[in-house]
2 protein chains.
Amino acid sequence: MAPDTTAPLPVVRTVADLRERVRAWHAAGETVALVATLGALHAGHMALVTRARELADHVLSSVFVNPTQFAPHEDFAKYPRDEAGDAAKLAAAGCELLYAPTLDVMYPQGFATAIGVGGPSEGLCSVTRPHFFGGVALVVAKLFLQTQADVTVFGEKDYQQLQVVRRMARDLDIPIHIEGLPTVREEDGLAMSSRNQYLTAEERARAPELYRAMTEAAAAIAAGAPSAAELERVRARIAAAGFGTIDYVELRDAETLVPVERADRPARLLAAAWMGKARLIDNVPVVG
Amino acid sequence: MAPDTTAPLPVVRTVADLRERVRAWHAAGETVALVATLGALHAGHMALVTRARELADHVLSSVFVNPTQFAPHEDFAKYPRDEAGDAAKLAAAGCELLYAPTLDVMYPQGFATAIGVGGPSEGLCSVTRPHFFGGVALVVAKLFLQTQADVTVFGEKDYQQLQVVRRMARDLDIPIHIEGLPTVREEDGLAMSSRNQYLTAEERARAPELYRAMTEAAAAIAAGAPSAAELERVRARIAAAGFGTIDYVELRDAETLVPVERADRPARLLAAAWMGKARLIDNVPVVG
């Protein structure tokens, strides 16, 4: 039965309430998909919900701005929050349940456990955000286990995160199928991101150069051009377009994320760079 | 239906085979208890199986000598292994399934995930075995998630381990009930342990002094005696009985394991000391 996309979205805030809903679905022999978010939802998140509806009988979304994946100087406090707006969007997309736990449900007093993932978390975003993937792995493991979801959809926009989450779930034997969804983009190619809100109109107009430069470099590398020169061209082009600090522009193995120089296996071109107050990331496939 | 305790015990070695068995039990609405072991089974383990049978419809045991909880200089290689003997004992005790995974089932190539538990893992055995509880938390999380067991029984003999496992499962929201079972002892009070096999006859005769000294100190502290002097008396008595290096003799909060000086809340007296080639540990409740 198709969910009623006009009714207000039920919200649960505790693990007990959450599991009661999921248990009822499972008891009826129905499957459940999780779309885990930090809120500030945009069309990219809606695409995750749409895909999740294809993969399972029911879709639930979590909205939780997870403090363990922000460093003290990062934008945890000012990260955009709008639960009512998020709930309306989720309901319209066919999500049936919103799980919005409080901080003390997720990290109660005495909480003492950490998860570390090596392998795909090495380098790239870890260089400037060393605590990020540990925080992500922890909260995602908790969300998987709290929800007992059968399937989950993560965006390829956060490609390193997707590979870290896959590694963590496989290594810990969490019984969930993880699907990656290609990045949803604005018409001019800019990857959708909650952090695009931080861009001024002028910065927003220049930001798509990141994707354009990466796409052309990926095609060149796939066709056999030396990768070092192509990566350098991306850096030069985005610097010329007004990007400030460039955290990285790198070619990596598409699954393990070990650095590679040629696309003789499926590879991924990944970049992170600052435009004004926004740290933008993007990635594109490189198939030689 | 009572299990047939004379038939040979079925053995599964992969997660897929394991889950197929457990899924059939769950599909029939029946519960499953896990008794996780390193093998080298003795009467203490059988008591865990007996208690597990009271708590669930089916009992499965895992036997896996987990390398991540041994340091390079420790006894991983010579840890006693006897799968056929273990299987016969488990079957006789009413266990219905043995899960004996290979190393590459547990830690396949590319494995990159670690779990750290602060809080109860601090101090005590962590001082001399700094990697131990991380290794335990990791393998136990995997076993909980591989088996999808509803309940598990751990011996209070490894009391710090029990509290670390409880903390980890609570923090990661693993839906399993964890029960602690009081330490099973030889007639003279020595806690049963696979490592008692390392004792010579003479050492074996002197080893029970650890438990005797701890029991008397616990009673004195419970009655109001200053704990520092009582802990010192335990050290002196076991040194006189032939124990060599004393790793620790400490009084801790019974749940959080933070150091305490009085038993004004439930506390625990814990000790670890070497007798010959065997590092023996023990603990007793202190209820003021």
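Keep in mind that glycine also has a Cβ here, set from the backbone N, Cα and C atoms.
Taken from TrEMBL, the feature active site, proton donor covers A:His45. Around A:His45 (active site, proton donor), the C-beta neighbours below 8 angstroms that are at least 6 residues distant in the chain are A:Val35, A:Thr37, A:Ser61, A:Lys89, A:Gly155.
Annotated (R)-pantoate binding site per TrEMBL: A:Gln69, A:Gln161, in sequence order. Within the same chain, the residues at least 6 positions away from A:Gln69 ((R)-pantoate binding site) whose Cβ sits under 8 Å from its Cβ are A:His131, A:Phe132, A:Phe133, A:Gly134, A:Gly135, A:Val136, A:Val139, listed in sequence order. A:Gln69 ((R)-pantoate binding site) falls within a helix when secondary structure is assigned with DSSP.
According to TrEMBL, the feature beta-alanine binding site maps to A:Gln69.
For A:Arg195 (ATP binding site), the Cβ neighbour count at a 10 Å cut-off comes to 16, with all displayed protein chains included. What TrEMBL records for A:Gly155, A:Glu156, A:Lys157, A:Asp158, A:Val184, A:Met192, A:Ser193, A:Ser194, A:Arg195 is ATP binding site.
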About how far apart, in whole Å, are the alpha carbons (Cα) of A:Gln161 ((R)-pantoate binding site) and A:Ser193 (ATP binding site)? 14
What kind of secondary structure is A:Gly155 (ATP binding site) part of, going by DSSP in three states? strand
Give me the non-local Cβ neighbours of A:Lys157 (ATP binding site): same chain, 6+ apart in sequence, Cβ-Cβ under 8 Å, ordered along the sequence. A:Gly44, A:Thr183, A:Val184, A:Ala191, A:Met192, A:Ser193, A:Ile281, A:Asp282, A:Asn283
